[in-house]
Amino acid sequence: MSEEQLQKPIDCADVKGEAEKISTTEGGIKAAEDKEKGVVAEASGEQAEGEVNQKKVVANPLKSEGTITIGEALEAAVLTAGNKPVEWSDAAAIQAAEVRATGRTNIMPGGVAASAQSAATLNARIGSDDTKTTLADVLTGASSKLPSDKAATRKDAEGVTGAEMRNDPHLTTYPTGVAASVAAAARINQSK
């Protein structure tokens, strides 16, 4: 392959064009079939025929029907603990949840975890609870703020709970907070 071909994105028309260039050295029939990738090609002598199967791409294959996603569990925390000011333990739990939902190891600028960290930093400097940023401020619409989402599992719940506990001065979780919501979602999903 040339350097230009390596940097050029693959187009369906190019695949058929490349299939026409296939030649056989023995003059026999060669067939290449890879239905998983959507390409079927056959060559006989100097002639080649190719077919490209168009597949529909599912927007989010990890999210299945009838299960509760991590993003939805974060939104449920708004209903149970929405008036709670965001603390470091909450920010850590939200970050762990975002990492598990998206599969990324770092947090996204402007994402749910970044907002939670900013809120926790700001809240640590403010004396009055009345003016502090709450979980409702950070987590409302969380599932739409995540670039990808997946069904909550027991491993996800354990990771989020561990993050919240490690960052709490008393090594506990808030009873109706972020970790509790993800754990409840995982229990519901496991029973299905």
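Along the chain as shown, the residues are counted starting at 1.
Glycine residues also receive a Cβ, built from the backbone N, Cα and C atoms like all the rest.
The feature motif 'Nuclear localization signal (NLS)' is assigned by Swiss-Prot to 5-9. Feature annotation from Swiss-Prot assigns domain 'SMP 1' to 68-125. Here Swiss-Prot flags 133-190 as domain 'SMP 2'. Per Swiss-Prot, region 'Disordered' is recorded for 146-174. Among the features that Swiss-Prot reports, compositional bias 'Basic and acidic residues' is placed at 147-158.
When DSSP labels each residue, the domain 'SMP 1' (68-125) comes out as 41 helix, 2 strand, 15 coil, counted as helix, strand and coil in that order. Secondary structure of the domain 'SMP 2' (133-190) per DSSP (helix as H, G, I; strand as E, B; remaining residues coil): 35 helix, 2 strand, 21 coil.
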